[in-house]
Amino acid sequence: MDIMKFIDFALVGVPETTMMLLIGLLLGYGKGFYKRLNFLMFRVVIATVLILCAIFFVRSRLTSIQAIGMSSLLIYIVTFKSLFGMNIRKSIVTGSLAIFIISATEIVTFPILKYIAEGKYFEDRFNVTLITRIIQFIILICLHKFEISLTNISAVSRGWYRLKTNEKITSIFVMLLLMLCVIFNTSYSDLCLKINMNTLNSKDLNINMTIYFIENLLFIAVTVYILNRTKDYYKYEEILLKGEDELLLRLLDATDDSDTIRRYIRLCEAYLEKSIKEVK
């Protein structure tokens with residue numbers, strides 16, 4: 001990959017980095033993003049400058065797309081954690097989704113960008129990547145319109161020590177799955193670019209195929225685990241369709257913390273008795 005001048009890099013990177021930060025903040029804060037808009041936008045400006053400088057430094061020293069992609073992922077994670085105060089899980093998820101969107105939109109638009117570049121309709125990188133930016137902007141608008149965020153996902157948003165063991169395991173596997181998607185996309189981008197530029201050699205092909213093989217094994221393992229977790233939800237769905245008495249008994253049997261449920265029942269009964277006495 002060629003080492004771009006910083007001014008060219010900034011022309012391409014400022015719109016993309018700003019949009020990825022906004023996407024990450026919408027995902028991370030949800031409606032709370034708009035309440036803290038002035039404060040967050042100031043930090044977005046600082047974060048954009050820091051991210052661009054860090055990624056420019058990385059790209060000037062690394063040639064592997066996979067290495068650049070994972071370094072960029074780490075930069076975004078650190079930014080969301082340190083500048084925007086997200087917990088590490090939310091930082092990993094938002095950072096992974098941001099890099100995934102970048103790589104995915106570039107993969108989708110690569111044939112178009114290649115055609116434009118060869119036809120010389122545009123002369124600079126900013127205009128060549130305009131279509132990619134438009135798609136990324138549409139994604140940003142969709143997140144805003146449909147209010148898609150991570151705030152309601154307890155495995156990501158809740159404090160680590162407040163999570164149950166199963167929730168902790170699930171959140172770890174989900175984060176691993178997202179990072180695998182990032183690695184897969186960067187590997188595909190590297191292979192696709194070299195094929196189209198006729199620079200692919202057997203060594204590069206072997207490396208990419210090895211990466212694909214390892215990714216597939218890990219991806220399958222993570223997917224199987226998550227699918228296995230869904231059986232618990234189906235079990236509770238079946239329970240909820242039963243009558244009230246059987247529902248209560250089966251819930252008590254199904255949960256690992258039945259004493260807690262019984263304690264809440266006693267509290268509810270005491271509250272109802274007190275309310276009835278006050279009415280009388």
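Each residue, glycine too, has its Cβ placed from N, Cα and C.
Unlike curated entries, TrEMBL annotations are predicted automatically.
Predicted, not measured: the structure shown is a model, and the values here were computed from it.
Listed features, source TrEMBL:
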- 6-28: transmembrane segment (TRANSMEM)
- 40-58: transmembrane segment (TRANSMEM)
- 64-84: transmembrane segment (TRANSMEM)
- 96-116: transmembrane segment (TRANSMEM)
- 128-148: transmembrane segment (TRANSMEM)
- 169-189: transmembrane segment (TRANSMEM)
- 209-227: transmembrane segment (TRANSMEM)
Practice task
State, in range form, which of 6-28, 40-58, 96-116, 128-148, 169-189 has the highest count of Cβ pairs under 8 Å to the transmembrane segment (209-227).
Solution key: 169-189
Practice task
For the transmembrane segment (6-28) and the transmembrane segment (128-148), decide whether they are in contact, meaning at least 3 CB pairs lie under 8 A, counting pairs 6 or more apart in sequence.
Solution key: yes
Handout entry: Winner by Cβ pairs under 8 Å against the transmembrane segment (96-116), considering only 40-58, 64-84, 128-148, 169-189
Key = 169-189
Problem - Surrounding residues of the transmembrane segment (64-84) on its own chain - C-beta under 8 Å, 6+ positions past either end - result: 1, 20-21, 24-25, 28, 40, 43, 46-47, 50-51, 54-55, 58, 90-92, 94-96, 98-99, 102-103, 179, 182-183, 185-187, 189-190, 193, 211
